[in-house]
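The Ni(2+) binding site feature in TrEMBL is assigned to His2. According to TrEMBL, the Zn(2+) binding site annotation covers Cys73, Cys76, Cys89, Cys92.
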Amino acid sequence: MHELSIAQSIVELAEEKARERQASAIEELELEIGCLAGVELQTLEFALESAVKGTMLDKARIVRHYIDGEACCGECGTRFPTSALYASCPHCGSWLINILHGKELRIKSIVIK
Ligand SMILES: [Zn+2]
């Protein structure tokens, strides 16, 4: 499952960062998850819950920031919200758009003990 491997790599990365700082546990993990990141949010939640078991993140508070999709038209420069990677500009109808936000899937911050 795609989401499970994402969850595992989030946990691995967080543990790696914590170990670099000689931490014994992670208190809080802040994640940024874009709506266009291509993950099923509920599945990711589920996968995270099982991925943290027995790790330094076992008792950590996981804070999620969901980022809405925003695109910019490559023809006329109009910025508009989008819930799909492929969308047309609401102003001029062009399909030449650039995604500005929403593809994020990363660790924003970690609080260690
Ligand atoms: Zn446009």
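Even glycines carry a Cβ here, placed using N, Cα and C.
Shown on the structure are the features that TrEMBL records.
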| residue | record | DSSP (3 states) |
| --- | --- | --- |
| His2 | Ni(2+) binding site | helix |
| Cys73 | Zn(2+) binding site | strand |
| Cys89 | Zn(2+) binding site | coil |
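With a CB cut-off of under 6 A applied against ligand 1, the binding-site residues His2, Cys89, Cys92 are reduced to Cys89, Cys92. Around the Cβ of His2 (Ni(2+) binding site), 12 further Cβ atoms fall within 10 Å across all displayed protein chains. Across the structure, Cys73 (Zn(2+) binding site) and the residue listed as 'Ni(2+) binding site' are spaced 30 Å apart at their Cα atoms. Other C-beta atoms found within 10 angstroms of the C-beta of Cys76 (Zn(2+) binding site) number 12, with every protein chain shown included. Fewest Cβ neighbours within 10 Å among the binding-site residues Cys73, Cys89, Cys92: this applies to Cys92.
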